[in-house]
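Lifted from Swiss-Prot, the feature list:
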ACT_SITE  Ser93  active site, nucleophile
ACT_SITE  Asp192  active site, charge relay system
ACT_SITE  His222  active site, charge relay system
Amino acid sequence: MKVVTPKPFTFKGGDKAVLLLHGFTGNTADVRMLGRYLNERGYTCHAPQYEGHGVPPEELVHTGPEDWWKNVMDGYEYLKSEGYESIAACGLSLGGVFSLKLGYTVPIKGIVPMCAPMHIKSEEVMYQGVLSYARNYKKFEGKSPEQIEEEMKEFEKTPMNTLKALQDLIADVRNNVDMIYSPTFVVQARHDHMINTESANIIYNEVETDDKQLKWYEESGHVITLDKERDLVHQDVYEFLEKLDW
C-alpha cells in the first residue's frame, strides 16, 4: 500500500506571513486547514515538517528537539528569503512551544501558542503517546495485526532519549517566556488530556507583553485545530492577526 505522507506546505498570499508549526508526533496536516483559512483571507502561510515526522516511527526516535528547532528556523529563514519582512508564528502543542521560542529569538509580529505545554505531565505519558503514534502509523501502512505486534516489540526496545531532550526544551522555554514582548494569543482546549492545561495560564501570566489574551475552548481536545471548534479557532486566530501592527 502506498502511504501518502504529509509534506511541508507554502500557500502564497499577501505580504503578511504566518509560520505554522505542528506538534510532536504530528505533521503539517494538523495546521493545513488553518493555513488554507488564513491564505483565503490574504495571508502567506508556510508550514515546515520536522525531521522524523510523517515517516515510520523508527525514524522519529533518532531525531530530537535540536533537529526540529532547526526545521522551524529554516522555515522562518525561508519566509525571509522570499521577501517576507513581517512574520507571525502560530503553533500547536510542541509547535506552540517553538512559537514562544521564536518570540524571544527573532523578530516576530505576533505569537499564537495552541495547547502548548509548559511542563510535561510525565515522561510516561509522552512515551505512551509515542507508542500510540507508532501503532497507528503501522496500521496506516496496512500491516497485519501480527506484523504490527512483532514490530512494536522491537520498537519498545529502542531508547527514547528524545523525551528527556523534549522536557529540557520545554523547561528552557518556560524560563524565557518573560522575554517575550510580541502580542500573544494563548489558545487552550478545556478537554486537553495530553498536557497540563495550567500551562495556558503560565504562558498568559508570564509573557512580558501587555497585548495578550487567553481563550479557553470548552468543547475541544488537544489537537484543537482539527476538533469540533476548529472553525472558531480559525476565526479567532485570524481576528488576532488582523489587529497586529504589521
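The backbone N, Cα and C atoms fix where each Cβ goes, glycine too.
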Set of same-chain residues at least 6 away whose C-beta sits under 8 angstroms from Asp192 (active site, charge relay system): Cys115, Ser220, Gly221, His222, Ile224
Secondary structure of the residue listed as 'active site, nucleophile' (DSSP, helix/strand/coil): coil
Set of same-chain residues at least 6 away whose C-beta sits under 8 angstroms from Ser93 (active site, nucleophile): His22, Gly23, Phe24, Gly26, Met114, Cys115, Ala116, Pro117, Met194, Ile195, His222, Val223
Where Asp192 (active site, charge relay system) sits in the secondary structure, as DSSP reduces it to three classes: coil
